[in-house]
Amino acid sequence: MEPETKKTKTDSKKIVLLGGDFCGPEVIAEAVKVLKSVAEASGTEFVFEDRLIGGAAIEKEGEPITDATLDICRKADSIMLGAVGGAANTVWTTPDGRTDVRPEQGLLKLRKDLNLYANLRPCQLLSPKLADLSPIRNVEGTDFIIVRELVGGIYFGERKEDDGSGVASDTETYSVPEVERIARMAAFLALQHNPPLPVWSLDKANVLASSRLWRKTVTRVLKDEFPQLELNHQLIDSAAMILIKQPSKMNGIIITTNMFGDIISDEASVIPGSLGLLPSASLASLPDTNEAFGLYEPCHGSAPDLGKQKVNPIATILSAAMMLKFSLNMKPAGDAVEAAVKESVEAGITTADIGGSSSTSEVGDLLPTRSRSCSRRSKSFLRRIDGRSKLTRLRVGLPAGSASV
């Protein structure tokens, strides 16, 4: 029996929990189980604070997100969000009786006010056995990350509602600095792999002036600053066709505008077999120190049509794994959580959407144990590799602690 290791508190991280609406609080609760397990194993303290957003905030606080909640989010190390909104006909009523406030306004305000400019959505098969659940053929081997610009473009441009004239308009606007920073985010992510991943930039440069600026700026940034990276430009309509016909052809990092990213990421969401498997991260800076401020949430909605304990928590748990890696400087823990999720999927410990019979909480209950197991195996492997590395260094006359290139 191994001697018990007494852990001491080495750090404290504040995480704001925005459960949101319908299934949102349920899936957040399962991610918290995993995060508490990580904290216990690592000696890190996670301080959680629950706040309201979306319809829940409208009904209790009169607006989809309050200034007080925004201020608390700004001061946190990271944010986890469940889901916002409900069915199209859901009516949200403020304490003073108004029904004209929409839950989604809270999420848009959160993204804009906290400058969460880069939305990352990984898309891959967690297990080959899930391929048959996808409505698309040829999904095996698919592995890409969509990087969507999140605080610019048509969603935040000048808007003119129909005033009775029968005319309405929305304006798509992008500036060079906005495009530069999202291009650098894509390049950074591509360079985290060996060899570096190709970058795909999606636009509509044959029609839109904003897309021509987008293409010109992305080309310049990657050519001047990241010449080692492969850059491919693709028109958005052509890219949409490729993702249906042969999604693995676009493996790598996909970068695109706010509206195009919104559409293409929803299209890509059918590839893994269920929306309940897709995590996301929205970052305010490059995660070059693994401490970027971010908002982490599943790609699925609030599922108002499903009953309690039926929603797949994996997307939210994988979002927590992304948070560990990008915002909390705990990459090994994030890797262990991802490995545990894949093991659970392989073992069939899943919700009904991907062929299992487990409830939301049953999936969440099992993952902390699997995460600890994956973490121990990873540490053991790294110790073996480190030992071999030191032996090799001694044989070739290098100091055991020196770096090699």
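Cβ coordinates come from backbone N, Cα and C, glycine included.
The Cβ of Thr90 (NAD(+) binding site) lies under 8 Å from the Cβ of Gly55, Pro304, each of which sits 6+ residues away along the same chain. In the three-state DSSP classification, Thr90 (NAD(+) binding site) falls within coil. Taken from Swiss-Prot, the feature NAD(+) binding site covers 86-104, 301-312.
Look at Swiss-Prot and you will find Arg111, Arg121, Arg148, Asp237 tagged as substrate binding site. Neighbours of Arg148 (substrate binding site), defined as other CB atoms within 10 A of its CB across all chains, total 26.
According to DSSP, Tyr155 (site 'Important for catalysis') sits within a helical segment. Taking the Cβ of Tyr155 (site 'Important for catalysis') as reference, residues of its chain lying under 8 Å away and at least six apart in sequence are, in sequence order, Leu108, Asn258, Met259, Asp262. As annotated by Swiss-Prot, site 'Important for catalysis' applies to Tyr155 (among others).
Residues or ranges marked as site 'Important for catalysis' by Swiss-Prot on the basis of similarity to another entry: Lys204 (among others). Around Lys204 (site 'Important for catalysis'), a 10 Å sphere centred on its CB holds 18 further CB atoms from the protein chains shown.
Among the features that Swiss-Prot reports, Mg(2+) binding site is placed at Asp237, Asp262, Asp266. Asp266 (Mg(2+) binding site) carries a helical DSSP state (H, G or I). The Cβ of Asp266 (Mg(2+) binding site) has 13 other Cβ atoms within 10 Å, all protein chains considered.
Nonlocal intrachain contacts for the region 'Disordered' (352-371), taken as residues 6+ away from its ends with a CB within less than 8 angstroms of a stretch CB, comprise 23, 26-27, 29-31, 33-34, 36-38, 130, 133, 273-274, 276-277, 308-314, 317, 333, 336-337, 339-341, 343-345. Look at Swiss-Prot and you will find 352-371 tagged as region 'Disordered'.
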- Message: When you rank Gly86, Ser302, Leu306, Lys310 by Cα distance to Arg148 (substrate binding site), which of the binding-site residues ends up on top as the closest?
- Response: Ser302
- Task: With Arg111 (substrate binding site) as the reference Cα, tell me which of the recorded positions Arg98, Lys204, Ser302, Leu306 is the closest one.
- Result: Ser302
- Task: Pick the one among the binding-site residues Thr94, Ser302 whose Cβ has the fewest other Cβ atoms within 10 Å in this structure.
- Result: Thr94
- Task: Measuring Cα to Cα, tell me the gap between Lys310 (NAD(+) binding site) and Asp237 (substrate binding site) in whole angstrom.
- Result: 35
